[in-house]
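Visitor: Could you have a look at this structure, given as structure tokens, before my questions?
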Amino acid sequence: MLQTLYDYFWWERLWLPVNLTWADLEDRDGRVYAKASDLYITLPLALLFLIVRYFFELYVATPLAALLNVKEKTRLRAPPNPTLEHFYLTGGKHPKQAEVELLSRQSGLSGRQVERWFRRRRNQDRPSLLKKFREASWRFTFYLIAFIAGMAVIVDKPWFYDMKKVWEGYPIQSTIPSQYWYYMIELSFYWSLLFSIASDVKRKDFKEQIIHHVATIILISFSWFANYIRAGTLIMALHDSSDYLLESAKMFNYAGWKNTCNNIFIVFAIVFIITRLVILPFWILHCTVVYPLELYPAFFGYYFFNSMMGVLQMLHIFWAYLILRMAHKFITGKQVEDERSDREETESSEGEEAPGGGGAKSRALANGHPILNNNHRKND
């Protein structure tokens with residue numbers, strides 16, 4: 001049965017144009033073609049990325065945070081209370097009013113004290129500012145290097161300037177070492193993001209991030225073994241072009257460099273809108289949807305690839321909406337926050353702010369983020 005499923009999965013009519021077989025993509029005459037087995041290396045490389053990330057955050061990002069004076073807010077800790085702690089771990093972090101009254105009777109605290117305990121306990125679990133800075137530093141470093149490497153891979157290729165050449169001779173297009181390593185490293189990095197997403201800072205678009213990572217992994221993998229490599233390199237470089245700007249804006253945001261963060265965010269928003277809402281749909285998607293049909297009839301792989309591209313495009317529209325909403329607040333002079341972050345709950349109205357908690361700077365925090373007083377947000 002497994003062999004039957006395997007045969008159906010790799011049926012040429014699914015992934016290749018009519019009259020072509022996998023035998024046509026076997027290495028010969030010094031020409032090397034992409035193979036699905038090449039992708040096995042991405043899993044150990046993903047684990048290597050996680051190891052490199054650990055040491056990067058420890059020995060590069062942490063000293064950099066100290067250099068930029070990234071400071072933590074002093075958070076009031078919830079006093080030990082077995083009754084409330086048990087409910088927090090098993091019943092939920094946001095008890096309803098009836099549950100607050102029951103917990104009040106069980107713990108001997110007033111309802112107001114129970115609510116305050118849960119606020120402090122939730123804040124204890126929120127990621128620290130240093131953790132967010134480390135993550136942003138790691139992603140900034142990767143995306144910047146990946147963008148530079150991606151441009152080096154494609155800038156001298158004829159299909160970078162003439163999109164019709166993306167499909168010239170398809171799928172009998174041999175690969176070169178730079179394309180191989182660009183693909184393997186990008187795919188390995190997204191595997192590492194998927195592996196670490198549960199322990200990374202969790203934002204409101206957590207589900208969208210999972211969908212994005214899974215769609216990206218599927219898209220990169222498929223474009224490799226179906227030899228959509230020319231289109232794939234263009235798409236990956238396009239995505240990396242704005243992601244490093246976002247991560248650098250977040251780094252300066254966490255460091256309290258508001259003007260620098262604001263300026264970088266403006267550049268990021270412009271680049272994001274141009275690349276994701278203009279170039280991607282009207283150039284890249286036009287290239288992958290229209291041009292192939294001039295060479296061969298549509299087949300399952302054609303529909304599959306463009307469907308996954310459609311999923312990514314919908315996510316881009318969702319994130320563009322958040323970016324434009326923040327940009328509107330920025331232009332109108334309203335207070336701007338990271339739309340994807342939960343607010344850190346404050347007790348300042350009750351006189352509960354921790355002494356020496358960093359003053360106004362620390363109070364202007366949302367889920368550990370300094371409120372983006374006219375600043376911002378990935379890739380990832």
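Think of each number as a place in line: the chain as shown, counted from 1.
Positions of Cβ are set from backbone N, Cα and C atoms, glycine also.
Caution: TrEMBL annotation is automatic and unverified by curators.
Pasting the feature list from TrEMBL:
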TRANSMEM  45-68  transmembrane segment
DOMAIN    67-128  domain 'Homeobox'
DNA_BIND  69-129  DNA-binding region
TRANSMEM  140-160  transmembrane segment
TRANSMEM  210-229  transmembrane segment
TRANSMEM  264-284  transmembrane segment
TRANSMEM  304-324  transmembrane segment
REGION    337-380  region 'Disordered'
Visitor: Same chain, outside the transmembrane segment (304-324) by at least 6, Cβ under 8 Å from its Cβ: which residues?
Guide: 205, 208, 211-212, 215-216, 218-219, 222-223, 226, 228, 235, 269, 272-273, 276-277, 280-281, 284-285, 288-289, 339-340, 376-377
Visitor: Please give the average pLDDT for the DNA-binding region (69-129) in this predicted model.
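Guide: 86, rounded to a whole number.
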